[in-house]
Amino acid sequence: MELVLPEAIHAHLPVLVVLLPLFGGLLALFTGLIQRGGGFVAWLWSAIITGLILVCAASMLFEVHTTGEAMVYRLGSWPEQYGIGYSVDALNGYVILVVAIIGFLSTIYAKDSVMAEIARDRHHLFYSVWLLAIAGLIGITVTADTFNIYVLLEISSLTVYTLVALGGDRDRRALVASLKYLILGSIGATFILLGIGYLLMLTGTLNMNDMHEQLVRMHQSGELANNRTVFVSFALLMVGLSLKMALFPLHLWLPNAYTYAPSAVTALVAATATKVGVYMTFRFVFTIYGGVYDSSADLYFLGLCACAGVVISSMAAIRQMNVKKVLAYSSVGQIAYIVLGFSLANESGVTASVIHIFNHALIKGGMFMAVGAVALRAGGTKIEDFKGIGRKMPLTMAAFTVGGCGLIGVPLTAGFISKWYLVVGAMDEGYWGIAFIVLLGGVLALVYIWRLVEIIWFGKPDDPTKQVREAPLSMLIPMWILIGASVAFGVDAGWTADSAHAAAELLLEGGP
Amino acid sequence: MTATPSMFVATVAAGLPTWEFALSPILAIAVPLIGAFLIAAAGRWPNLREGVTLVTAAALLWVVANLNNFLEATPSEAEALVEVIPGMPLAFHLEPLGMIYAMIASSLWILNSIYSIGYMRGNKEKHQTRFYVCFALSIASVMGIAFSANMFTLFVFYEALSLATFPLVTHKGTPEAIKSGRTYLGILMGTSVCLMLPAMIATYVYTGTLDFTQGGVFAQPLADGVLTPALFGLIFAMYIYGVGKAALMPAHRWLPAAMVAPTPVSALLHAVAVVKAGVFSVCKISVYIIGVDQLRLYDQGGWLLYAAGLSIVIASFIALFQDNLKRRLAYSTISQLSYITLGAALLWPISVRAAAIHIAAHAFGKITLFFAAGSIYTAAHKTKVSELDGIGRKMPWTMGAFAVGTLSMIGLPPTGGFISKWYLMQGAWTAESGFTIAVLCTSTLLNAAYFLPIVYRAFFRKPPEPDLEHGHDDHHDHGEAPWPIVLALTCTAAATVALFFYPDLFVGYASMLAEAMPQ
Amino acid sequence: MESLGHFNYWLAIVIIMIGFYGVIARRNLLKQVIALGLFQTGVFLFYVTMGVYRSPDGTRGVAPIWTDAAKTGPFDNPLPHVLMLTAIVVSVSTLAVAVAIIVNIQRKYGTIEEDEILEADKRDS
């Protein structure tokens, strides 16, 4: 990787991954000036930008793994107490790579999907907002400054609200879903802002590492004993973050937003937005409060919510009549797995969380792409549209089925690897009940996936004369890359497991 | 006397030049897997496709027979294919129990393929390519299970087998088939994911390994007191009920449901490959993970004897009242499978040996019975026991073979069933288990009660008068089934008898297994 | 009396809670968004008041500008105030997006009452 990128650029990688989509998004607006084919130019531009981000992200993670140290970038060369610092370590290098991969592939995928679903005169706007969303998501992950997290969080959220609302051209419910998402998302963000405020008051700094050091100093001098400020800040942050990552029962915005958003948006958002929320939670719980604040009671509560989420949202998924909604509820359940993992606060549990961020992004991204392809070719995502579609779109539906096996946790798919670590983590703590809930979730996933599989492969179409073609290559290729990767990382999880393990060790070194 | 297919193979294998480089168990999985791709590619030309199936089956048998030469009593060095999770490879080895299973499955696959050709063409079934492809995939999974060197590998292929057989069960695509498929997959996946998987992970957490080890892996944590005997017993129970394929009651309902599949599937998969995967896993887990001597030492697992015994008797009773021939056979299978579980549950090497022999004996007998049932369906379109009056006169070969299979199920000479029952009795005496002896006697009587009437009807009752009112009595004018079917079922019947006269091959394997176990 | 001494914080929290209540209780989308604005403004006030310096003996900090008093004596912390400039921008953008969506809802549904919208959705499906 170092051969590809000159040394001068190399040092600036942490900030480049944010600046590229940020300015790329602004420049994308100008493609609106092109009379004919502006939409295509906007798409091409976005694909180039996201491709570059992917290269940057991959080389950053490569460097972090080879040197074993974090890459630190200080904006304006200010010392980290005063200025904004960006830093990339084993954990967020990994998450950035996830976002970059999904960002690139879903941009490729978006070409035909956006052509069909978004009005022609808005394509330049769509891609502009699209790139800004990616900038926000990557920014949250790369920054080490808590207030910067808030700002970038809002950049990503505002753009995602807009993207979801663009689905309103086809189905007006997208607008309501988007507004609901906006209101709940803003409440979450405001809670986070308030929590950061309490932390600022306590430590006088905004930099995460500095905050942690201050807290450790106060902890050692006994100032933190029975300190309600630290308690309140933790509680506020947890509420806000739970809203952002759609932890049951604060997930209400998610199903409709995913269902009515344009297909490409769903693929991007489902695979990345909540994952970034989980990443923030890692940072707050472990990097800032780790070893300072006894969060075991809070984590226990989060774990309970997650257990309930696994079971209840999977049961809700069984009843849905819209395939996108089935997957959306399934996402709520899968997020609950991730939360469950780190709430165990042991090595296997956190490893399970980190690895599932990656695995679930691959699986769900691929599956939503498959559903989007059906929306394009068959005109809808209701259960009826899927009847017997396996014979007409075999490649797409094969991807969907393989992805579904991943959700169930069939061995040799990525989903199994996550589940394995999660159950090992639970059993390490002696929580057999949690182990059973995790596995029960797998059985429920079997029910809601198999219901779809039966309809797809054995159903009889309502209108046999309807012509449905296989999805275009621009959709099939990214879809199969994701699904193929989910199987490849299920067969040989060496790389993902090692990376996730390194990240887990990093998080836990301060103690839970 | 015709030699049994496996004996034949063993003889041929001995005459073959020694394989120059080490033949790997991985090849046994690769052959049917490659075969599946070739079958799919040859889908448009039925003759070529069936040719590929037969060649693949023959190649597999040749590979397995050659592996035979490398077999030793203790498991061979594991060969890792790929490391799935760090420290958790997909790995394969050779050991006697797996060899028995692989031998049975690979030799019967050839006969079953011949039979399938007759059956599928005779009944003009649809989607035949999918059928042959899934069949080859199932056999690949079976080989994976047979040669797995650790619990993880076994689990992976166990699940693969469930998934690969699902399209075969729902082959007809009717609502009934789909419903049965749901029961099938639900029970098999549900039990394995909810019980076997946590048991496996618990094993890993407590012992740090999942490798199949002579004498089990639990001795150390039990001795150290890290693991309480009660929890050990619980893990054992989770394994046993987690292996839903062993059809131990109450996890048996998938088996009658699977009878909706075409008969070749019921014959090879649901009388041999899939259910044997279950009991094979039970035996392998008992011997190489749990360790029967550990169970004896800590006084756990005694309940399994009673569970298996009850399963035998209850399933036999249910079989008495089944009018659908295939369902009756399915319940008979449930009861026969529990013989094997019973053998393992007696917890003595000699009884484990009996269980291993019964795996083979039951396979040949039961596949004959299913072949006969399919033959009757193809020729006469009859599925019920009550319709079989006098059919033996029209289909003497089929019903003759059926009678041989029946004798084997009851455990009478001159069939293989007698041999395994003999050893099982021996095991029961060694373990001084009166309960087992009582169960064996009762079930022998029950087996006779539900099988012999069929033979009696077929040969000694008069066929019903043709129903002239309805006019179409073409079904009554049937003769034997197509020749591939008759050929296949004659071979398996002959093998069942041969197993009585030449039991050495399988008894030899089983004895190797028993002798290597800690006494 | 310590809690009364923190009256500025109390005030901020009260405003936050009034806004929060409004978001939850109101069924009119525009009113929800207004309440959301109030909710966020409460947090801004919280930050602003956080920066104010008052020592235990009652001396107050001066404005953090380049004067002699600020060079020698205590001064208010400018950091939270600066942060709020950014946060206000964020809040305004949020409101802008929200209002834009509401306008579209009004166009497509002909109403911005949540109950009526739910009713319309039920009729659709």
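A Cβ is built for glycine as well, from the same backbone N, Cα and C atoms used for every other residue.
TrEMBL labels come from automatic prediction, so no person has curated them.
Here is what TrEMBL says about this protein:
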- B:21-40: transmembrane segment (TRANSMEM)
- B:98-119: transmembrane segment (TRANSMEM)
- B:131-149: transmembrane segment (TRANSMEM)
- B:148-444: domain 'NADH:quinone oxidoreductase/Mrp antiporter transmembrane' (DOMAIN)
- B:155-171: transmembrane segment (TRANSMEM)
- B:183-206: transmembrane segment (TRANSMEM)
- B:226-244: transmembrane segment (TRANSMEM)
- B:265-291: transmembrane segment (TRANSMEM)
- B:303-322: transmembrane segment (TRANSMEM)
- B:329-350: transmembrane segment (TRANSMEM)
- B:356-380: transmembrane segment (TRANSMEM)
- B:401-423: transmembrane segment (TRANSMEM)
- B:435-460: transmembrane segment (TRANSMEM)
Cβ-based contact of the transmembrane segment (B:155-171) with the transmembrane segment (B:98-119), 3 or more pairs under 8 Å: no
Outside the transmembrane segment (B:183-206), six or more residues from its ends: residues with CB under 8 Å to it: 151-152, 155, 158-159, 162-163, 165-166, 169, 217-218, 221, 226-227, 231, 235, 238-239, 241-245, 251, 253-254, 257-258, 289
Intrachain neighbours beyond the transmembrane segment (B:265-291), with Cβ under 8 angstroms and 6 or more residues off its ends: 75, 95, 97-98, 101, 104-105, 108-109, 112, 115, 135, 138-139, 142, 145-146, 151, 154, 158, 161, 165, 168-169, 171, 203, 210, 212-219, 235-236, 239-240, 243-247, 255, 258-259, 301, 326, 329-330, 333, 337, 340-341, 343-344, 352, 355-356, 359, 363, 366-367, 369-371, 373-374, 513, 517-518
Positions whose Cβ lies under 8 angstroms from the transmembrane segment (B:226-244), at least six residues beyond its ends: 158, 187-188, 190-192, 194-200, 202-203, 206, 218, 251, 254, 278, 281-282, 285, 289-290, 294-295, 298-301, 303-304, 307, 341
